[in-house]
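> Provided herewith is a single structure, encoded as structure tokens, for subsequent inquiry.
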Amino acid sequence: MKKTLLSLSVLFLGLGVHAQKYDFQNIVDIQGTPVISQGKTGTCWSFSTSSFLESEIIRKTNKHIDLSEMYNVRNTYPKKIENYILRQGKTQFGEGGLAHDVINSMRDYGLVPVEAYSGLVGQETYDHKELFKVLKSLIDAYAKSDSPISSNWKELTEHVLDMYMGSNIKEFTYQGIKYTPESFLKMTTLNPDEYITISSFQNKKNYSSFILNIPDNFSNGSMYNLPLDEYIANIDYALDNGYTLSLDCDVSEKTFSGKYGIAFIPNDNADIEKGLTEIIKEKDITADYRLQEFYNFNTQDDHLMHIVGKVKDQKGNIYYKVKNSWGPNSDRVGNDGYIYMSIPYMKLKSISVLLHKDGLLKKTKEQLRIQ
């Protein structure tokens with residue numbers, strides 16, 4: 001009987017060792033603004049990068065400002081429209097964009113707080129289905145015309161944007177002070193020229209800039225290429241030194257779950273379900289494998305989010321704390337709207353990150369010749 005009890009205790013102890021439910025604790029948690037929802041829009045690029053800029057404002061000034069995501073969207077749509085029409089419809093036109101599009105908008109049009117420009121007209125939450133459908137139909141009529149087109153497409157598309165998002169703002173009052181978008185940007189102390197994008201693709205020359213050919217890079221923004229380990233090391237260095245990052249990555253995998261708030265790459269695909277709630281062995285990611293997954297379209301630029309810190313599980317495994325824009329509703333998302341993303345997932349499924357240049361490792365800045 002004693003042997004039986006001993007055997008059972010060993011069995012249950014073994015099960016406890018192998019079935020370890022996640023137990024996370026923060027190890028790096030950089031100040032930011034609350035998780036919000038992008039609603040029924042494809043504007044994650046603006047929500048993630050606006051959140052990133054909000055953290056930058058806190059880092060630089062200790063001011064907590066809720067920026068208008070839709071101000072960036074409103075000012076980026078005309079650029080997308082012109083690109084699509086002048087290329088006669090032979091290019092991407094969608095709701096998506098990349099982090100550098102927000103930086104470009106900030107440089108060209110300044111910034112405004114959400115209380116000055118919400119982008120909501122007759123709605124309480126964001127829903128751009130009708131806006132996009134109307135815009136696409138209108139610009140297709142111009143872009144795909146068999147005869148010369150009139151020159152009024154700019155006025156017409158601006159009218160549509162005004163109807164669905166509101167007229168662009170030129171002046172506003174914030175906390176009792178009058179601003180223009182340009183003077184508001186100056187008040188935040190943000191400098192658009194201080195932000196860069198880094199990535200890692202083995203077929204690109206290291207420490208040089210290149211344009212990544214992905215559908216949402218309509219503005220042909222460039223990024224710097226780094227060896228994979230150095231790419232990850234720079235993400236770690238930035239976070240460890242108080243800098244957050246805007247992240248472009250693939251979220252189409254079964255191993256990315258907003259519901260559970262987790263993202264991982266299992267060594268064995270049989271562990272996919274288990275990995276949503278338990279610690280599992282993950283795959284070793286190489287630069288070769290990363291490139292292969294990009295070129296076979298298993299890795300695509302689905303979604304942008306905001307890396308704000310790190311957590312670790314009870315075995316000491318490190319995960320990136322990634323702020324999502326699907327809202328904090330616990331009925332829909334786990335971890336209060338954050339994704340805990342494993343290092344293998346970041347290595348394999350991230351496309352690029354945008355950060356302040358001072359968040360780079362010294363040796364990387366020297367190699368890139370960034371002052």
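The first residue you see is number 1, and the count goes up from there.
Yeah, the Cβs are placed from backbone N, Cα and C, and that goes for glycine too.
Remember, TrEMBL labels are computer predictions, not curated facts.
This is the feature table in TrEMBL:
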SIGNAL    1-19  signal peptide
DOMAIN    32-71  domain 'Peptidase C1A papain C-terminal'
ACT_SITE  Cys44  active site
ACT_SITE  His303  active site
ACT_SITE  Asn324  active site
> Note down the number of other Cβ atoms within 10 Å of the Cβ of His303 (active site), including every protein chain shown.
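Around the Cβ of His303 (active site), 24 other Cβ atoms lie within 10 Å.
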> Which of Cys44, Asn324 has the fewest nearby Cβ atoms, counting only those within 10 Å, among these active-site residues?
Cys44
> Go ahead and report the DSSP secondary structure tallies for the domain 'Peptidase C1A papain C-terminal' (32-71): helix first, then strand, then coil.
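Counts, helix then strand then coil: 21 helix, 3 strand, 16 coil.
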> If I take the alpha carbons of Asn324 (active site) and Cys44 (active site), what is the distance between them in whole Å?
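Their Cα atoms are separated by 9 Å.
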> How many whole Å apart are the CA atoms of Cys44 (active site) and His303 (active site)?
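Between the alpha carbons of Cys44 (active site) and His303 (active site) there are 6 Å.
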> Take every residue in the domain 'Peptidase C1A papain C-terminal' (32-71), average their pLDDT values, and give the whole-number result.
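Across the domain 'Peptidase C1A papain C-terminal' (32-71), the average pLDDT comes out at 98.
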